[in-house]
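Take a look at the structure below.
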Amino acid sequence: ACTGIENIDEAITLLEQNNWDLVAAINGVIPQENGILQSEYGGETLHGPAYGPTSHSTAASSTPSSSSAFRHVVPSRQIVERQPRMLDFRVEYRDRNVDVVLEDSSAVGDIKHILENELQIPASKMLLKGWKTGDVDDSTVLKTLHLPKNNSLYVLTLDLPPPSSSHSGALQESLNQNFMLIVTHREVQREYNLNFSGSSTIQEVKRNVYDLTSIPVRHQLWEGWPPSATDDSMTLAVSGLTFPCHRLTVGRRSSPVQTREQSEECTDVHMVSDSDGDDFEDATEFGVDDGEMFGVASSALRKSPMMPENAENEGDALLQFTAEFSSRYGDCHPVYFIGSLEAAFQEAFYGKARDRKLLAIYLHHDESVLTNVFCSQMLCAESIVSYLSQNFITWAWDMTKEANRARFLTMCTRHFGSVVAQTIRTQKTDQFPLFLIIMGKRSSNEVLNVIQGNTTVDELMMRLMAAMEIFSAQQQEDIKDEDEREARENVKREQDEAYRISLEADRAKREAQEREMAEQFRLEQIRKEQEEEREAIRLSLEQSLPPEPKEESTESVSKLRIRTPSGEFFERRFLASSKLQVVFDFVASKGYPWEEYKLLGTFPRRDVTQLDPDKSLLEVKLYPQETLFLEAKE
């Protein structure tokens with residue numbers, strides 16, 4: 001009666017914001033300069049200054065009213081001027097928190113202008129989320145939102161890094177460049193040369209390729225996009241494409257999905273409602289079917305099931321689910337993982353710690369009145385789709401058919417335990433769809449949150465972000481443990497490698513020593529054999545020499561004195577008629593073979609070894625005596 005507020009939910013919200021202080025709650029919303037209320041319960045007067053310093057007034061007599069025990073009282077004395085109420089906002093953007101303090105007479109746009117200076121993000125690019133009363137526009141006055149003193153908001157932007165002064169010029173230049181995309185159609189082996197500006201998005205490229213190949217965007221299977229091109233809303237300039245020319249390949253996904261003509265016949269119905277799921281519970285009591293409430297027959301709402309019953313292959317079932325979901329709610333939806341639940345676990349939890357993600361399991365139910373609203377208004381919201389694609393692996397299952405429901409509960413029991421399975425089993429149909437947030441741990445998988453279908457976009461986003469905070473803390477610990485483990489393994493590998501190299505060096509050294517010893521032994525053997533051979537030859541020559549003639553021999557005797565390279569002398573007498581070869585044999589018997597040494601005469605100097613060995617000593621003039629010396633041949 002005092003405030004004109006008839007909505008009980010809004011009234012309770014205001015009371016909660018004022019800690020259930022009735023006077024403060026009413027003074028916060030009544031349109032007066034100095035809000036003072038009095039109560040006639042037992043003659044007591046309640047004074048309730050709305051804002052600013054306490055104002056003193058005289059209690060005025062009042063006439064009881066049959067409609068309310070409270071009424072406005074205008075003070076008879078000087079009216080105290082109302083001081084502005086200050087509101088505190090903590091705004092979260094990525095890894096930053098910005099504190100903003102404003103008067104309640106300011107508009108939402110004023111918050112954005114302050115954030116524009118702090119975050120270097122254009123105000124037009126910001127989506128300010130977290131309002132308790134739903135989305136608001138920039139012109140909304142904060143006082144009309146009935147906000148508490150302390151508030152938490154968060155900023156969503158396009159998935160583009162904010163331009164900085166250091167590279168804004170380069171980014172603008174990239175946006176103005178033209179990219180040549182050479183797209184190969186795999187099935188028909190045909191190439192298309194397509195020119196796009198750097199400001200074009202990946203989604204625009206895929207839609208153009210759909211016009212050329214007749215492959216719908218949701219059925220396109222691409223190869224060649226850079227790893228940084230994770231979102232279809234990204235521009236080509238920031239997607240990491242090779243400039244000026246980049247090659248891509250596109251084909252059609254093989255899946256049991258509808259044809260394009262069949263998809264066009266399917267009617268998209270997006271139910272828009274601000275009410276909770278309980279508002280729909282009595283719809284069937286009036287003989288109205290879920291689809292007929294919105295002027296659409298039930299057969300048009302669900303032309304084909306989301307998932308075949310008793311599907312043998314989970315991947316094929318998910319392909320049909322994705323295709324049917326796109327035909328009902330459009331192409332802007334979460335990217336569902338195609339494969340078994342075990343494969344989704346493997347993708348989300350068992351990679352390197354830095355690459356791990358949360359697993360979101362979407363449980364669909366066609367017979368729930370909340371399904372169309374949840375899918376079209378929340379699950380397909382761009383902010384939710386973008387956040388899920390960056391931070392989650394999203395897997396889906398249809399719980400409409402009993403066989404599929406039983407199959408999922410079996411999988412749930414195996415992976416999460418009987419408690420979680422029982423929780424899902426006890427969920428009523430109108431509590432679907434469900435969104436399960438799963439975090440992988442070292443020894444088990446933990447269900448962080450179970451989100452029911454009767455929620456809002458902001459609440460869904462806040463619960464996803466809360467799960468991400470828990471996951472990020474666990475991920476940092478896992479990254480630290482993994483880095484320490486890799487460091488230990490690297491040290492061990494380095495030690496093993498050093499040990500292996502040391503063993504190889506020792507083995508190589510030992511082998512070299514063995515080869516050297518073997519070579520020395522071989523050379524020693526050869527030397528011994530050569531010495532033995534030379535000794536045998538020497539002995540043979542020594543034995544074959546004719547006896548030395550005596551000095552008193554009647555025959556002519558030649559006396560030869562031979563000097564060795566070491567300075568020693570040895571003498572022998574030879575018959576003057578003996579051949580020169582006998583002298584050579586004598587010298588060889590002393591260890592100086594004529595093949596290695598030459599025998600030289602003194603006067604005149606001559607090389608005796610060059611003479612004919614068959615001539616006699618007398619003929620070569622080595623008679624009656626001669627001094628010769630040995631010299632090694634070069």
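The backbone N, Cα and C atoms fix where each Cβ goes, and this holds for glycine too.
Residues annotated as region 'Disordered' in TrEMBL: 47-73, 475-495, 539-559. Under the heading compositional bias 'Low complexity', TrEMBL lists 53-69. The compositional bias 'Basic and acidic residues' annotation in TrEMBL covers 485-495. Taken from TrEMBL, the feature domain 'UBX' applies to 553-630.
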Residue numbers, six or more beyond the limits of the compositional bias 'Basic and acidic residues' (485-495), whose CB comes under 8 Å of its CB atoms: none
Whole-number mean of pLDDT values that fall within the domain 'UBX' (553-630): 89
Residue distribution over DSSP helix, strand and coil in the region 'Disordered' (475-495): 21 helix, 0 strand, 0 coil
